[in-house]
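Chemist: Relevant sequence annotations retrieved from TrEMBL are reproduced here:
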type     : residues                                                                       : note
DOMAIN   : 41-355                                                                         : domain 'FAD/NAD(P)-binding'
DISULFID : Cys78-Cys83                                                                    : disulfide bond
BINDING  : Lys87, Asp344                                                                  : FAD binding site
BINDING  : Gly213, Ala214, Gly215, Pro216, Ile217, Gly218, Cys219, Glu220, Glu236, Gly304 : NAD(+) binding site
DOMAIN   : 379-486                                                                        : domain 'Pyridine nucleotide-disulphide oxidoreductase dimerisation'
Amino acid sequence: MGNHNSEDTPAVLQPWDEANRELASLVRPADWKNPEPASHYNLVVIGAGTAGLVTAAGAAGLGARVALVERHMLGGDCLNVGCVPSKALLAASRAAAAVRDADRFGVLVPEGVRVDFPRVMERMRRLRASIAPNDSAQRLADLGVDVFFGNARFVDSQTVDVDGTRLRFQKAVIATGARAAAPPIAGLETVPYLTNESLFSLTELPQRLGIIGAGPIGCEMAQAFARFGSRVFLVEALHGILPREDPDASQIVWRVMERDGVELLCCGRDLALSPGPDGAVRIRVHTHGRARQEDVDHLLVAVGRAPNLEGLDLDRVGVAATPKGVVVDERLRTTHPKIYAAGDVCSPYQFTHAADFMARIVIQNALFWGRAKASALTIPWCTYTDPEIAHVGLYEKEARKQGVEIRTFDLPLSQVDRAVLEGRSEGMVRVHTRKESDRIVGATVVAPNAGDMIGELSLAITHQIGLKGLAAAIHPYPTVGEGLRKAGDLYNRSRLTPRTKKMLAKLMAWRLRLFNT
Ligand SMILES: Cc1cc2nc3c(=O)[nH]c(=O)nc-3n(C[C@H](O)[C@H](O)[C@H](O)COP(=O)(O)OP(=O)(O)OC[C@H]3O[C@@H](n4cnc5c(N)ncnc54)[C@H](O)[C@@H]3O)c2cc1C
Ligand SMILES: NC(=O)c1ccc[n+]([C@@H]2O[C@H](COP(=O)([O-])OP(=O)(O)OC[C@H]3O[C@@H](n4cnc5c(N)ncnc54)[C@H](O)[C@@H]3O)[C@@H](O)[C@H]2O)c1
């Protein structure tokens, strides 16, 4: 595997400091010796991101003989270049915003905010390494998994090749994930650009940062870097930010990002990139009928993901794939009966928790004749901007498309005492129920801790607890989570028609009369 000197150290592990050395020693140890392969494996898992790790560890825990193959670093995107480093930066950016806004609370910070970006990144690297033992090669080996570093490819219906070593399998799992897509943007090939694989190796704060794509990656990073002090230009082809989310919800988040200083160039047309002066990247785009030209020191491309399929030789084993990924049925079986897939490589839900739950389905179905279906999963998600925006179930537009008649209950956070007291009342709880009942079919929450709140709605949908049930559950006062109970109250109040109100008033008047006689 070679020593990691500055030339052969992967970009992800730059700078090659103590924290990154520690990370490498856990998830890509230089002195790792691939084991002697067993004659057969119950399961060969290709890719050791969340999907692969959960499949391998879970299957080994249930007594299966498992080989896990990783070509790069155990932990995949989430640990190394995704959720973990991005959330560490977001935590630092929230701290910066709290100091910036302290004045609103009567707390004076005379010097104002100064962000020491190298320290922010150093903290991120340290924390990332501290989380890594859970995904480490040694931990997997201790769980009984044979860990192989190398490139995997299919040879035939029972053999995977890892750089010349043959692994014979009864069942195999493709969990090779996805990477940043390189879109057909004019001039992209003429300029240097960052993706999530190189962004977290920055050691200096870009004074000007261009970001293409206002999806979750673009928005989270735009807000973080704006709060660190970069001038951020966020280019989006569609209108606004987070175009997949409920437009009212995205709008709330956008208002906050705009105050943070992010400049949105949305409804972008004729986007073109070219080298600018002094190593800068020049962005030219038409936005809302205006031609804009901006020079930036770094450009981040975050316009979606492309599945990692190259080199797997899927054709040899008849596993069908499209540009969106490996084709699977509801049970996560590919077009080859002995080969399954899980995670970003086969799913439109590209989240760590989704990869985790798909892995559990694969273990049941591949090893134990299970019939678990991925379509039965209720998958929430959250974009960790400030405020966070979280969703589960159907959006209004999806319900309409599917012909599901819904009622919508909206509770602005300005009606939740804790949110007001924290100075964080920009947000809402929006719950859609079936028209004729309190059954929840979808919900969006915009709140400082929306990601924590959405779990309760996910539980409600999974176990068919209606809005009445939420109203009946006591939530501590004052919490932002109380907003969910209050949305339940809205439902209960909606059942009080003028007629029932009249009848209740009559009943009360009658009881008073009885009392007085
Ligand atoms: C910046 C960013 C932030 C994110 N934030 C969040 C978040 O906050 N919450 C959330 O839920 N999700 C988040 N995600 C998404 C999350 O990271 C992915 O959904 C998750 O990592 C998918 O896991 P996976 O196992 O399917 O794939 P991956 O993590 O991509 O793992 C696949 C592994 O397979 C390996 N591999 C590929 N081909 C081969 C081969 N031929 N042989 C051997 N090995 C191979 C790769 O090296 C990789 O390690 C974020 C993603 C990004 C990029
Ligand atoms: N908090 C989280 O859970 C989290 C955070 C980050 C990433 N992720 C996962 O990673 C995935 C990828 O994230 P992403 O933000 O790269 O992709 P995305 O597909 O979610 O968003 C990409 C955005 O780029 C825009 N776009 C596409 N082509 C463009 C072009 N040529 N010019 C301008 N804009 C263009 C799209 O309209 C879209 O809004 C997400 O869908 C999500 O599943 C999750």
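From the backbone N, Cα and C atoms, a Cβ is placed for every residue, glycine too.
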Chemist: Where the criterion is a Cβ under 6 Å from an atom of ligand 1, which of the recorded positions Cys78, Cys83, Gly213, Ile217, Cys219, Asp344 meet it?
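Modeler: Result: Cys78, Cys83, Ile217, Asp344.
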Chemist: Which is it, of Gly213, Gly215: the one of these binding-site residues whose Cβ has the most other Cβ atoms within 10 Å?
Modeler: Gly213
Chemist: Give me the CA-CA distance between Gly213 (NAD(+) binding site) and Cys78 (disulfide bond), in Å, as a whole number.
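Modeler: On Cα coordinates alone, these residues lie 19 Å apart.
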Chemist: Residues with Cβ closer than 8 Å to the Cβ of Cys219 (NAD(+) binding site), same chain and 6+ apart in sequence?
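Modeler: Sequence-distant Cβ neighbours: Leu234, Ile241, Leu242, Val253, Met257, Thr383, Thr385.
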Chemist: At the Cα level, what's the spacing in Å between Cys83 (disulfide bond) and Glu236 (NAD(+) binding site), rounded?
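Modeler: On Cα coordinates alone, these residues lie 22 Å apart.
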Chemist: Where Glu236 (NAD(+) binding site) and Lys87 (FAD binding site) are concerned, what is their Cα separation in Å, rounded?
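Modeler: Glu236 (NAD(+) binding site) and Lys87 (FAD binding site) have their Cα atoms 22 Å apart.
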Chemist: Can you tell which of the recorded positions (Cys78, Cys83, Ile217) has the fewest other C-beta atoms within 10 angstroms of its C-beta?
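Modeler: It is Cys83 that, of the recorded positions Cys78, Cys83, Ile217, has the fewest other Cβ atoms within 10 Å.
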Chemist: Summarise the domain 'Pyridine nucleotide-disulphide oxidoreductase dimerisation' (379-486) as counts of helix, strand and coil residues per DSSP.
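Modeler: The breakdown for the domain 'Pyridine nucleotide-disulphide oxidoreductase dimerisation' (379-486) reads 39 helix, 31 strand, 38 coil.
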Chemist: Where does Gly215 (NAD(+) binding site) sit by DSSP, helix, strand or coil?
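Modeler: In the DSSP reduction, Gly215 (NAD(+) binding site) maps to coil.
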Chemist: Taking the Cα atoms as reference points, how far is Gly215 (NAD(+) binding site) from Cys78 (disulfide bond) in Å?
Modeler: 17
Chemist: Please name the residue among the binding-site residues Glu236, Asp344 whose C-beta has the most neighbouring C-beta atoms within 10 angstroms.
Modeler: Asp344
Chemist: Around the NAD(+) site (Gly213, Ala214, Gly215, Pro216, Ile217, Gly218, Cys219, Glu220, Glu236, Gly304), what further same-chain residues have their C-beta within 8 angstroms of the site's C-beta centre?
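Modeler: Result: Ile211, Met221, Ala222, Ile241, Leu242, Ala302, Val303.
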